[in-house]
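First comes the structure, then the notes that go with it.
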Amino acid sequence: MKTSISLNPTIIVIFGGTGDLNLRKLAPALYNLYAEGYMPEKFAIIGTARRPLTDVKFRETLMEGVNSFSRTGKVHKEKWDNFSQNVHYNPIDVKDSASFDTLKDTLDKFKNEFGPDTQIVYYLAVSPDLFPSIAKRLAKFKLAENEDNCRIVVEKPFGKDLETARELNEILRERFKEKQIYRIDHYLGKETVQNIMAFRFANSFLEPLWNRNYIDHVQISVTEQLGVGDRGGYYDGSGALRDMIQNHLLQLLCIIGMETPINFDADEIRDKKVDVLKAMRPFSAEDIRFNTVRGQYTKGWIRGDEVPGYRSEKDVDKQSNTETFAAIKFFVDNWRWKGIPFYVRTGKRLSQTSSLITIQFKDVPHQVFPASVAEHWQQNRLIISIQPEMSIRLQVQGKRPGLDMTLNPVDMVFDYKGTYTTESPEAYETLLLDVMTGDQTQFMRADQVEIAWELLMPVINAWESKKSLSFPNYAADSWGPEDAEALIARDGFHWFTLPLNKD
Ligand code: NAD
């Protein structure tokens, strides 16, 4: 957790410097950190990729990325000129050892210039099959030996199942200390997600209610209107379960479900999250049948445009069995949550792009008001909206103004836009700053990743071994397959969506 910032000189090596992630996310984040005074006084950003490029050309490419994708819009000329003096390019084929010799020379040059306290961050923004090559060569060329000053950031996906995640962890941990490894899950860097911790642990009124005695269920819903787009090649080998639930949604569930930490130390927080994963009920064959739903979108219309079905998307197998939608009912078997369902759903080509966590509280134990007074009776709900709106809403019953006693639900709203004038940083800004300050709180530890895979492997195996006969089973611009409605309706609930619906 950052309170004040004073950073040692830093070299950031971005493997995959010409890639989409760097152009859309990392370069804008680093530029914004610089523009707002968060970069170290001395720093160098070294982009690497296979093709030869001059520093000048590389800087131009990054500027285009920043101009197109930065939350702050086009670059400020003077700030960009100063920032980009620190940006360099070094061609590297990560499969070729000789490249790492030249990287070593470049690093030595900056280390000599910056002094002995220089820290180095290696950012692996390349396809996951290249993670092992880079890790092995960084170790072989002794480029990350100083465990206090060298960090390695590993992008998602971290493995494609339990076995491959374990293998990657082994490769990394044989060569680096855990405190050097930053497994990124960009959801954890989002302002609203970080605010859940503040909301839960900096306010006393919530804790007595935050348990099975007062909460009747939790929903976590991360939906996208977009289809698979250009990512068909990657996505078809992955699917909604691997791409979203194994990491982002389970992490959100952990933040909602975790016990109160003793302090804000990275490992203390991560221990508490791991405890939630450990308490989650393993899936039996029967659970998979009744508590999980998969879906795949067919063609349809979105805002007047005809959109293709998943199997007709670029680089997708025409017979694909990959799910573009998943809904699961989880249970956390501990004292706090025993018996309380956590419904989780995610999917592409749905009616709305939104990320919403809803905590529904139990109904009042005894109804004091006659039915005629409670026009639109609704149980209390706490709705944490991560996007598009950044807000926390507490839905309570209120008396409608007038001479009659009439009740209806009203929202008490903490809305970022209305409350603060400063714009929230992008998740990658927060996370890159965390890496530079050496704060691992918002990064996944080896055991977190493995236990999340372990939990989902029975579902992954079941879905892979038995093709869905109903695919494609939901239309674009819908809320997914009907079975997902049935999954939650069986328990007497329904999915909440924006605009926040009131029964
Ligand atoms: P990309 O294909 O756009 O870029 C890959 C980069 O790796 C390019 O710069 C390419 O030149 C470089 N590269 C390929 N082979 C190389 C080699 N042998 N030696 C050196 N460099 C090589 O991919 P991307 O979309 O930028 O994704 C990179 C990583 O980030 C992936 O792991 C992806 O899953 C993850 N990620 C990307 C996004 C995103 O928005 N693009 C979001 C989340 C996670």
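A Cβ is built for glycine as well, from the same backbone N, Cα and C atoms used for every other residue.
Per TrEMBL, the substrate site holds H186, K190, D243, K348; the candidate it also names there, chosen from E163, E167, E224, E323, is E224.
Proximity of the recorded positions E224, D243, H248 to ligand 1, judged by a Cβ distance under 6 angstroms to any of its atoms, singles out none of them. For D243 (substrate binding site), the Cβ neighbour count at a 10 Å cut-off comes to 23, with all displayed protein chains included. R50 (NADP(+) binding site) sits 26 Å from H186 (substrate binding site), taking the C-alpha atoms as the reference points. The recorded positions recorded for this entry are D93, V94, K156, H248, and the Cα of H248 lies nearest to that of E224 (substrate binding site). The average pLDDT computed for the domain 'Glucose-6-phosphate dehydrogenase NAD-binding' (13-195) is 96.
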